[in-house]
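**Student:** Below you'll find the structure I mean.
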Amino acid sequence: MDVTRLLLATLLVFLCFFTANSHLPPEEKLRDDRSLRSNSSVNLLDFPSVSIVALNKKSKQIGRKEAEKKRSSKKEASMKKVARPRTPLSAPCVATRNSCKPPAPACCDPCASCQCRFFRSACSCRVLSLNC
């Protein structure tokens, strides 16, 4: 019994190793820079060189000022969007996106209608026409 379990465990490990290695791409082993240059499809000299330039204090301050302006404009835009007070809903109606099973009253929004799905098990008030 223990021998069969050992064989099955070994087989399982072998299969896991085999499937992991079968999905990996084959590796190309390059021995020196000459073979790298001859085997590469992209010539490294085609790309422009990158130059790193140190920033002076003035350019750093301008960058900070621009970032602060962007932050303040975002804050002002979020403050300007104040939620308008909702009109109080009258009792004998159902709000939009709420459940409106057939014994329930009609939808409060005049453009909304009660739409049922799954054999009238899930019903909700939905606005169907945007031009209303």
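The first residue you see is number 1, and the count goes up from there.
Using the three backbone atoms N, Cα and C, a Cβ is placed for every residue, glycine included.
Annotation source Swiss-Prot lists compositional bias 'Basic and acidic residues' at 63-79. Positions annotated as disulfide bond by Swiss-Prot, on the basis of sequence analysis: C93-C108, C100-C114, C107-C125, C111-C132, C116-C123. Feature annotation from Swiss-Prot assigns domain 'Agouti' to 93-132. Taken from Swiss-Prot, the feature N-linked glycosylation site applies to N39, supported by sequence analysis. According to Swiss-Prot, the feature region 'Disordered' maps to 61-87. According to Swiss-Prot, the signal peptide annotation covers 1-22, on the basis of sequence analysis.
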**Student:** Counting other CB atoms within 10 A of each CB, which of the disulfide-bonded residues C93, C125 comes out lowest?
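**Tutor:** Selected from the disulfide-bonded residues C93, C125 on minimum Cβ neighbours within 10 Å: C93.
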**Student:** With C123 (disulfide bond) as the reference Cα, tell me which of the disulfide-bonded residues C107, C108, C111, C114, C132 is the closest one.
**Tutor:** C114
**Student:** Go ahead and report the DSSP secondary structure tallies for the domain 'Agouti' (93-132): helix first, then strand, then coil.
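**Tutor:** Grouping H, G, I as helix and E, B as strand yields 0 helix, 15 strand, 25 coil.
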**Student:** Which residues in the same chain, at least 6 apart in sequence, have a Cβ under 8 Å from the Cβ of C114 (disulfide bond)?
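**Tutor:** Non-local contacts for C114 (disulfide bond): V94, C100, P102, A104, A106, C107, C123, S124, C125.
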**Student:** Averaging the per-residue pLDDT over the domain 'Agouti' (93-132), what integer do you get?
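**Tutor:** PLDDT averaged over the stretch: 80.
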**Student:** Just give me the nearest neighbour of C132 (disulfide bond) among the disulfide-bonded residues C93, C108, C116, Cα to Cα.
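**Tutor:** Going through C93, C108, C116 one by one, the Cα closest to that of C132 (disulfide bond) is C108.
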**Student:** So how many other Cβ atoms are close to C116 (disulfide bond), meaning within 10 Å of its Cβ?
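**Tutor:** For C116 (disulfide bond), the 10 Å Cβ neighbour count is 13.
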**Student:** Could you give the Cα-Cα distance between C93 (disulfide bond) and C111 (disulfide bond), in whole Å?
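**Tutor:** Cα-Cα, rounded: 13 Å.
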**Student:** Would you count the other C-beta atoms found within 10 angstroms of the C-beta of C100 (disulfide bond) for me?
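**Tutor:** I get 23 for this one.
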**Student:** Determine the most Cβ-crowded residue among the disulfide-bonded residues C107, C108, C132, using a 10 Å radius around each Cβ and all protein chains in the structure.
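**Tutor:** It comes out as C107.
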**Student:** If you count Cβ atoms within 10 Å of each one, which of the disulfide-bonded residues C111, C123 comes out on top?
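**Tutor:** Counting every other Cβ within 10 Å of each candidate, the maximum falls on C123.
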**Student:** Write down the Cα-Cα distance for C116 (disulfide bond) and C108 (disulfide bond), rounded and given in Å.
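**Tutor:** Rounded to a whole number, the Cα-Cα distance is 17 Å.
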